[in-house]
Structure formats: structure tokens, C-alpha cells
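Chemist: My structure is below; once you've seen it, I'll send some questions.
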Amino acid sequence: MAENGKNCDQRRVAMNKEHHNGNFTDPSSVNEKKRREREERQNIVLWRQPLITLQYFSLEILVILKEWTSKLWHRQSIVVSFLLLLAVLIATYYVEGVHQQYVQRIEKQFLLYAYWIGLGILSSVGLGTGLHTFLLYLGPHIASVTLAAYECNSVNFPEPPYPDQIICPDEEGTEGTISLWSIISKVRIEACMWGIGTAIGELPPYFMARAARLSGAEPDDEEYQEFEEMLEHAESAQDFASRAKLAVQKLVQKVGFFGILACASIPNPLFDLAGITCGHFLVPFWTFFGATLIGKAIIKMHIQKIFVIITFSKHIVEQMVAFIGAVPGIGPSLQKPFQEYLEAQRQKLHHKSEMGTPQGENWLSWMFEKLVVVMVCYFILSIINSMAQSYAKRIQQRLNSEEKTK
């Protein structure tokens, strides 16, 4: 692996020398031009240039569709096999018979797994910004299960409506029968699938860096370019962010599997750098993905689950509400909506929602719903901006290639 990396470095250095010698290009002017182009792309956002952003976004979609159509056309055998398999599955799904009970069971599990894996992928990939699906979906789900478990003294919620809606079973348990482990077991599938999704979402930086290293070509990805610049100026790094990135890079490079496992197991915003580092230094795929999967889907998820469950356990919640009420002056007015919300949730769990305050009238529920809407809208806007900037980068690359051929 070290020899491969050394050969790739030598090949890239040779290509850079040839490029500079052949075209008499000053490296400083090249870097300045790249900086200007990056600033131009960053200005292409909906709130600054809405018409151009929407135009470039639409054109980028057309380019991507054209590329995928071409790829599928050159893989006709795979496409035909997939369509035949899809036809068999559709026929099995709609044809009546004794197999329908198994089909419905498989469909339910498949949709559940796909939902949480998809949210995990969205949380990692983000296309420019992460949709924090743990804070918006998985965390609230674990909190709801925790509150319901302590209220019902059971985790055997009726299915259906669980997991879409949580209500207490007809035969509730006795006080004190709920343990931390029982709640962890109840939400294990959702949390594990979400963790698998986040691990899958970390693959693009790895594959991008690996392909750039093996080809010896100049990478197009800005994060990878920043990574190479960081390696070049490693000794002169002074600020905390640069030192933290270098620490992650050295940990992954020197420790290998267990270094990747450590980075994946601890919630941190620098794990993308671990994927780029592994790809750049040609770490084997299963070493990277195996460590990432174990770290994110098992270790990290259990840390996050335990934190949420403890935070929303019955006595902690009661203490937090009491603490809010003790705030001088505004305490009682702040405490009231929390008490109303918790009371409404208890009544819903016991099929008595019509007797309590409707959830829609509670400002806590209203604020959380609006927060979800705002974050999802921001995520969609970031995708539009990111794709528009990708098309702008295509234009810049085409113009640069035309200048070189003149």
C-alpha cells in the first residue's frame, strides 16, 4: 500500500511538472485563479442570483440525467435483469394468495429499514449541508418511546399503530419494571438502520479521494484540494481547526482500522476528513467501511441512545420541568406549556387525547413542527445551490480547457 501511494505521488508530481513546464504556468497565479473561481461559484445562491441559480440547477439535472442514461444504455443486460426482477416482485405483490401475509410482513420491515437508512444517508451526505435527521427524527422517536415506556410501564406497544403512533397496551406493567436495557432494545432496529445509513453516506469522500489518488489527476473536489493543501502546510498549521484536522489525519493514517473506528464512534464533524484520508492513502475498502459501520451503527448509536434515554427518563424530565418553574419571574409561565405538553402526551398514550389539551394548541409542538419545516426547506435550498454551483464549475472547467488548447 505504501509503494502504491508513493508511485501515485511520483506520477502526480511528474504530471504537475510537465504541466507547468509545458505551459509556463505560475503556481501562484493558478491558485489565485482557483480562488477567484471558487468565490464566483459561492455567490451562485438563490438569495443572491435566483434566476441564474435556478437555471444552472435545471441544467445540472439535465446533465446528470444524460450521464445516467448513457451509463444505463451501456449496461443494458443489468437494466433488463433489474426490470425482470422488478416485474416478478410486482406480480408477487399484487397476486392474491396465501403468500400475502409474508409479503405484507416483508413490506413493513423493508419500508421501516429503508426509511431509517435513508434518513441516515441524508444526515451524512447532505449535498453541501447535513440534514440533521438525528435531531429531527431519530432523537425525538427515542425520546417518545422513553416517555411512553415510563408512563405505560411497558414497551409492548400495540402494532399497529406502532411505530407510527405510540399508545399504551391494554395490560400495563407494574411500576419500576422498565429498565434502560428494555428501552435500548425497543429502539435498536431504528437506531442501527440509521447508523448504517450514516456509514453509507461516508463512502463518497472515500471513493472520490481514492479515484483521484490512483489516477494521479488533479481532483475536482474542493474538500480534497483543501486536504492536499493541509498536508503541504502541515508544519505551519497554527489554528485549532487545522491542528484538529491534522490530528484526525494522523490518527487514521498511523493507527488504521482502530483509528477509523475511534473517529467513527465519537460524534465529530471531521469524519469526512477520515474518509478522504483513507481514500488518499489507499486504505482497503473493507477496512474503512467495516470500521465505519461498527463505529457508527453500533458504538456511536448506543452512546447517543443512552444519552437520549437518560435525558428523557421520567425523573429527569420531572426535575427539568420543576427547575424551569423555579426560574425567578418567568418560571411559572415557562413551566406551564411544558406541563400541558407532557399531560397531553400521557392522555394520548392512554387513548384519552380528546380529554386533554389538543397537541396543536401547545406552542412547543408548534415550534418543533416549524423547526422541522425550516430545516427541511434549508436542506432543499442547499441542494439547489450545490447543484447550481456544480454546473458553474462545469462551465469554468470547459473554459479553462479551451484556453489551454489555444
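Using the three backbone atoms N, Cα and C, a Cβ is placed for every residue, glycine included.
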Chemist: From the topological domains that Swiss-Prot annotates, would Gln109 and Lys336 count as being on the same side of the membrane?
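Modeler: Yes, same side.
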Chemist: Please report, as numbers and ranges, the same-chain residues at least 6 past the borders of the topological domain 'Extracellular' (385-406) whose CB is under 8 Å from any CB of it.
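Modeler: For the topological domain 'Extracellular' (385-406), the nonlocal Cβ contacts are 23, 37, 40-42, 44-46, 52-57, 59-61, 63, 127-128, 220.
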Chemist: Can you tell me which parts of the same chain pack against the transmembrane segment (78-98), counting only residues 6+ beyond its ends and a CB-CB cutoff under 8 A?
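Modeler: Hits for the transmembrane segment (78-98): 72, 107.
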Chemist: Across the topological domain 'Cytoplasmic' (327-363), what is the average pLDDT of the model, as a whole number?
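Modeler: The average pLDDT of the model in the topological domain 'Cytoplasmic' (327-363) works out to 66.
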